[in-house]
Amino acid sequence: MTVGIVEEKSVTFDTELRLESGRILGPITLAYETYGELNAARSNAILVAHAWTGNAHLAGRYSENEQKPGWWNEIVGPGKLLDTDRYFIICANVIGSCFGSTGPASINPKTGKKYNLSFPVITVRDMVRAQQLLIDHLGIDRLFSVMGGSMGGMQALEWATQFPERIASAIVLATTPRPSAQAISLNAVARWAIFNDPTWKKGEYRKNPKDGLALARGIGHITFLSDESMTAKFGRRFSARDGQFDFFGRFEVERYLSYNGYNFVDRFDANSFLYLAKALDLYDVAWGYESLEEAFAQVAAPIQFFAFSSDWLYPPAQTEEMVTTLEKLGKPVEYHLITSAYGHDAFLLEHETFTPMVRAFLEKVKTAAK
């Protein structure tokens with residue numbers, strides 16, 4: 001079963017948020033969706049945090065005519081992993097994004113114009129502090145769990161270290177304690193693609209800089225896949241539409257990247273892409289601490305980690321560093337390495353594999369809370 005027709009909600013907070021940079025952002029609007037019902041004890045809420053270019057549309061459809069359901073529709077609904085007959089599921093669009101929450105494309109109330117590059121640099125920790133405003137607004141003192149993959153996993157880690165008293169558990173998939181130099185360099189090249197598009201106009205564009213953003217998305221998309229998955233899907237097949245010896249003839253993988261890149265332009269804002277890429281690069285769960293050990297000493301709730309064998313963006317060794325650190329500290333931690341050909345995107349695609357493990361973990365958390 002599915003959650004059916006859903007609606008996007010939003011709330012605006014008049015309070016100003018002091019960011020990690022020291023700058024102030026406010027008022028803040030957050031777009032979000034909820035599924036299921038909050039129980040009388042307000043103890044069954046699970047926050048699902050989205051990745052870089054995701055949004056609050058986690059599951060269901062806005063109308064019968066919507067072509068695709070929410071981005072993790074397979075795990076949300078009656079009888080599914082995130083069972084809406086048991087849990088109250090929340091997903092909020094992060095600040096800095098472009099799907100209804102305050103970001104660079106929003107109107108700055110002080111000027112009446114779009115923020116564009118006057119928008120402050122934000123961090124994953126800032127995103128979580130904004131989420132905390134929403135959780136307070138919903139009247140929830142303590143989340144049963146926070147779950148997310150990639151940048152969503154970073155948010156879950158921030159909840160576990162910055163607000164340990166407010167979560168009963170965390171589920172972290174395909175993430176890292178800090179992006180590597182290689183990951184940062186790939187984001188840098190993606191940024192250059194946008195910067196060097198003359199229609200970007202230093203962020204003051206009226207229409208999305210389509211060529212730069214499409215190229216940036218193509219670079220990013222490669223990092224989400226694996227050699228194995230790309231070989232299986234495309235191999236070295238040349239496009240049937242192009243002549244093999246045409247100068248501009250393309251392999252199927254080239255056509256795929258172009259198609260996805262230019263489709264992306266229609267749904268995502270270039271400045272938001274840049275700001276969230278910066279937030280990813282700046283991420284370090286140990287920011288403000290002397291070490292990872294000191295950061296993880298704050299953890300109180302059990303954390304379940306998943307890594308995927310072919311993920312070369314945030315490889316398993318980076319998850320294992322976190323698991324080992326938590327184990328040394330005597331913290332409750334569980335780790336699963338899943339063999340998968342899907343690369344970094346495996347956290348979205350291997351739900352049938354990890355569902356029984358997550359379900360068992362949540363049952364243990366529930367039993368321990370009794």
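Using the three backbone atoms N, Cα and C, a Cβ is placed for every residue, glycine included.
Note that the coordinates shown come from a computational prediction; the quantities given were computed from them, not determined experimentally.
According to Swiss-Prot, the features are:
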- SER150: active site, nucleophile (ACT_SITE)
- ASP311: active site (ACT_SITE)
- HIS344: active site (ACT_SITE)
- ARG217, ASP345: substrate binding site (BINDING)
- 44-350: domain 'AB hydrolase-1' (DOMAIN)
Hey, does DSSP put ARG217 (substrate binding site) in a helix, a strand, or just coil?
helix
From the recorded positions SER150, ARG217, HIS344, ASP345, pick the residue whose C-alpha lies nearest to the C-alpha of ASP311 (active site).
HIS344
Relative to the Cβ position of ARG217 (substrate binding site), how many further Cβ atoms are located within 10 Å?
24
Just to be sure I understand: of ARG217, HIS344, ASP345, which recorded positions have a C-alpha no more than 10 angstroms from the C-alpha of the residue listed as 'active site, nucleophile'?
HIS344, ASP345
Among all protein chains shown, how many Cβ atoms are found within 10 Å of the Cβ of ASP345 (substrate binding site), not counting that one?
23
Three-state secondary structure, which DSSP defines for SER150 (active site, nucleophile):
coil
Express the predicted model's confidence over the domain 'AB hydrolase-1' (44-350) as a mean pLDDT, rounded to an integer.
97
Using all protein chains in view, find how many other C-beta atoms are within 10 Å of the C-beta of ASP311 (active site).
28
Sort ASP311 (active site) into helix, strand or coil using the DSSP assignment.
coil
By Cβ count within 10 Å, point out the most packed of the active-site residues listed: SER150, HIS344.
SER150
